[in-house]
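These come from TrEMBL:
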SIGNAL    1-20  signal peptide
DISULFID  C30-C45  disulfide bond
DOMAIN    59-209  domain 'Cupin type-1'
BINDING   N104, H109, E114  oxalate binding site
BINDING   H107, H109, E114, H155  Mn(2+) binding site
Amino acid sequence: MASKFFLLALLALSVSPALASDPSQLQDFCVADRTSPVFVNGFACQDPKIAVSEDFFFSGLHMAGNTSNKQSSAVTAVNVAQIAGLNTLGISLVRVDYAPFGQNPPHIHPRATEILTVLEGSLYVGFMTSNPENKLFAKVLNKGDVFVFPQGLIHFQFNYGTNKAVAIAALSSKNPGVITIGNAVFGSKPSISDDILAKAFQVDKMTVDRIQAQF
C-alpha cells in the first residue's frame, strides 16, 4: 500500500508542472495564420518557410495615443493581433498615454500578469486582492518606477498630476485580454437587469439606469 501511495504522489508531482503553465515551444516560432478556419487555442501556424521579417515587426509605439475620451487615456496594444509572430510566445506589450487627471479605469487581464514602467510623469496605481479581503496594494510611481499587477486581479492607473504621463507595460500572454469593470457590468449587451445591479451595488434602480446610460 505504501509503495502504491508513493507512486501516485510521484505521478502527481510529475504532472502538475505541465498543468501550471503554457506548453513549451515545439518549434522556433509559429506565425499566426489569422485566415485559417481551424479552431485552436490561439491561432493556427503558417508554414514557417513563408515567414518574413515583417511577421515579427510593429512600428508606431513612439506615437502618443488620442486621450480625448471620457477616461482621458489611450492604450496602444502590441499583441498577436498586431504582430503575427507573437503567436505561442506568451508575451505582449502596451503603451498607455494619460492626459492630466486621466486614468486607465479598473480592469483585469484574464490571461496575463502585467509589469508597468512609467516613462513620463507620475501615476497612482494599485490592485485589489480577491474575496473576501479585497486588500488594496497601491503606490505612487514616478519616471522609471515599475509596478506589477498579478494575473486576473482588478487594477488601475491614475494620472494625478497636471502634466501628461506615459507608461509601457509588458504582459505575460500573446493575447492577454482586457475586461474593464464598468463597461462589462453597466455596458453589457443585452443589459444586466437593473434589479440585479441595484441589489449588487446597494443603490436604487434610477441610479443604475443613469450609470447604464453612460455606456
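Every residue gets a Cβ built from N, Cα and C, even glycine.
From a predicted model like this one, the values you see are computed outputs, not experimental measurements.
Feature annotations (TrEMBL) mapped to structure.
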{"residue": "C30", "record": "disulfide bond", "Cβ within 10 Å": "22"}
{"residue": "C45", "record": "disulfide bond", "Cβ within 10 Å": "19"}
{"residue": "N104", "record": "oxalate binding site", "Cβ within 10 Å": "26"}
{"residue": "H107", "record": "Mn(2+) binding site", "Cβ within 10 Å": "19"}
{"residue": "H109", "record": "oxalate binding site", "Cβ within 10 Å": "24"}
{"residue": "E114", "record": "oxalate binding site", "Cβ within 10 Å": "22"}
{"residue": "H155", "record": "Mn(2+) binding site", "Cβ within 10 Å": "22"}
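Across the structure, C45 (disulfide bond) and E114 (oxalate binding site) place their CA atoms 26 angstrom apart. Residues V94, H107, I108, A112, L116, F149, H155, A169, L171, P176, V178 surround the recorded oxalate site, their Cβ atoms falling within 8 Å of the Cβ centroid of N104, H109, E114, which are themselves excluded.
Counting in whole angstrom, H109 (oxalate binding site) lies 23 from C30 (disulfide bond) by their C-alpha atoms.
The record gives H107, H109, E114, H155 for Mn(2+). Within 8 Å of the mean position of their Cβ atoms, the other Cβ atoms in that chain belong to I108, A112, F127, F149, L153, I154, P176, V178. Distance from the CA of H155 (Mn(2+) binding site) to the CA of E114 (oxalate binding site) is 10 Å. A gap of 32 Å separates the Cα atoms of N104 (oxalate binding site) and C30 (disulfide bond).
On the 0 to 100 pLDDT scale, the model's mean across the domain 'Cupin type-1' (59-209) is 96.
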